[in-house]
Amino acid sequence: MKCHYEVLGVKRDASDDDLKKAYRKLALKWHPDKNLDNAEDAAEQFKLIQAAYDVLSDPQERAWYDNHREALLKGGVSGEYQDDSIDLVQFFTVTCYSGYGDDEKGFYAVYRNVFESIVKEEKEHSKDEEDEEDEFPSFGESESDYDTVVHLFYGYWQSFCTRKNFAWKEEYDTRQASNRWEKRAMEKENKKTRDKARKEHNELVRQLVAFVRKRDKRVQAHKKLVEEQNAEKAKKVEELRRKQKLSQAKLAEDYQEQSWTAMSELEKELQQMEAEYGQEFGDASDSEENEEELESRDIANVDGVDAVMADGAAEMDDYYDDLYCPACDKSFKSDKAMKNHSKSKKHREMVALLRQQLEEEDESLSQNCAEREEDDEEEDDDDDDEQNDTSKQKLSKRQKKKKRLQKPVNNLPEAPETVSPVPQSTEEHLSPAPDSGNTEDTPVPSEDPDDGVKPDGQENTNQKSTAKTKGKKGGKDSKKSSKAHGGVEAAPEKEVNLRCVTCQYEFTTRNKLFDHLKSTGHATALSSSNTSQTSKKKKDSRKNR
């Protein structure tokens, strides 16, 4: 089979117009009607021209032909392909060459021919003219220069990549596919086969290059030369280092200390200067004695160092306190900075704000204290009003009963005054008094004959003290107390009740008495009977409200 491009006489990258022009020209030349003297040969050539144009004029047919051109030219895709490329396996032995000369059977001549044949095959499978014009480095001869020939050759061929497409290795003919899905599957399998064959060919060529390079005398000579150069460089570096050490050692031996750097000379000069200053100020004769005295003083004052340090620390604390601004919450390092800060506008604003806050706090505290005192006074007034109301009601009943049950009791002795303990609760614990609300069986003693002569203030005091013992359940307590005292009415004890049991100090108001008990701790515990009586009085006062 002949190549279609060669039949039409065009290049492989020819355009459709070029193909059409070439086809018309050849068709007119080889048409059978115009070649009657050689009709059979003309007809055969005309068939080839027409078949080539039919394939190349169709884009799909042309693409498939370009991919399978080599296979078609060498037997077709049906498996009858005969690969006429060079067999590289036979060149992996040392028996393929004799010696390392440039003769026909020498090392360099044999492998030069091998790589030239590989280059020829690669150019045949190139699609573009640019690929054909690419230069493949030559293997060279036994005397070729390493840098210009040998190094370039091995640099290219050690990374060799073939241009062959290995279309003859395909297993399926995509033209025989019944549908596009089957065609795609065939193309996928054919691509895998081509890639595998291409990879194997590249690896084979690279292995051959490694085999040749290992035995190339030019490479060995260059390697030896490089080793010698490296050894010579290392030797020179070592020699240079040794010379530097010797020169440094020599400089160290020849070094002399300068007079201005000698410490001994400096010490002498210092001593001389001290002696001169001592003579000038009259301290030279006593310098040694002064030193001894100073040492003794230092030893003697060891114990006083701690005290001095403590005093210094206290002074430093005072100093730093003076450098602290509480209004701005800032500390300063010097008196000047503190003074500048105290003159600043921001500092004055902060001081005014702080002063205002302190005044507001003082006002709020004083107001709270005043309100608390007013509340206490109001509570006292309320208690007094309640007691007055209750006493008025009960005194009115007593007066009624006195008119009916008044009997002469002038001969009865007065009941002795008793001091009751002060309770801890807000209610006062008073001595029990006879209740005017008792039944008629209980005799009510008459007042003392001198009662009519008493002033009004005394009478009111007796009425208030009697009214405090009244309540809803106060009658029972009054009965018990009257029986215990033989039915004699107790004397008024209001003034006695505002007295501290512990220190016997009298107070004008209950608030003062309670403040005294809280501050001194003179409060005493009540008995169970007194506590129950006090709670009952509280309940009675609440209900009467």
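Cβ atoms are placed via backbone N, Cα and C, with glycine included.
For 180-286, the entry in Swiss-Prot reads coiled coil, with the evidence type sequence analysis.
Among the features that Swiss-Prot reports, compositional bias 'Acidic residues' is placed at 129-141 (among others).
The compositional bias 'Acidic residues' annotation in Swiss-Prot covers 283-295 (among others).
Taken from Swiss-Prot, the feature compositional bias 'Basic residues' applies to 339-348 (among others). Tertiary neighbourhood of the compositional bias 'Basic residues' (339-348): same-chain residues 325, 327-328, 330, 332, selected by CB-CB distance under 8 Å and a gap of 6+ residues from either end.
Sequence annotations record features per position, and here Swiss-Prot assigns compositional bias 'Acidic residues' to 372-388 (among others).
Residues annotated as compositional bias 'Basic residues' in Swiss-Prot: 394-406 (among others).
Residues or ranges marked as compositional bias 'Basic residues' by Swiss-Prot: 535-545 (among others).
Note on the domain 'J' (3-69): its mean pLDDT in the predicted model is 84. The domain 'J' annotation in Swiss-Prot covers 3-69.
What Swiss-Prot lists as region 'Disordered' is 122-141 (among others).
Annotated region 'Disordered' per Swiss-Prot: 276-302 (among others), in sequence order.
Residues or ranges marked as region 'Disordered' in Swiss-Prot: 331-497 (among others).
For 522-545 (among others), the entry in Swiss-Prot reads region 'Disordered'.
Positions annotated as zinc finger by Swiss-Prot, on the basis of sequence analysis: 323-347 (among others).
Annotation comment: Swiss-Prot describes 498-522 (among others) as zinc finger.
Across the compositional bias 'Basic residues' (339-348), DSSP helix (H, G, I), strand (E, B) and coil residues number 8 helix, 0 strand, 2 coil.
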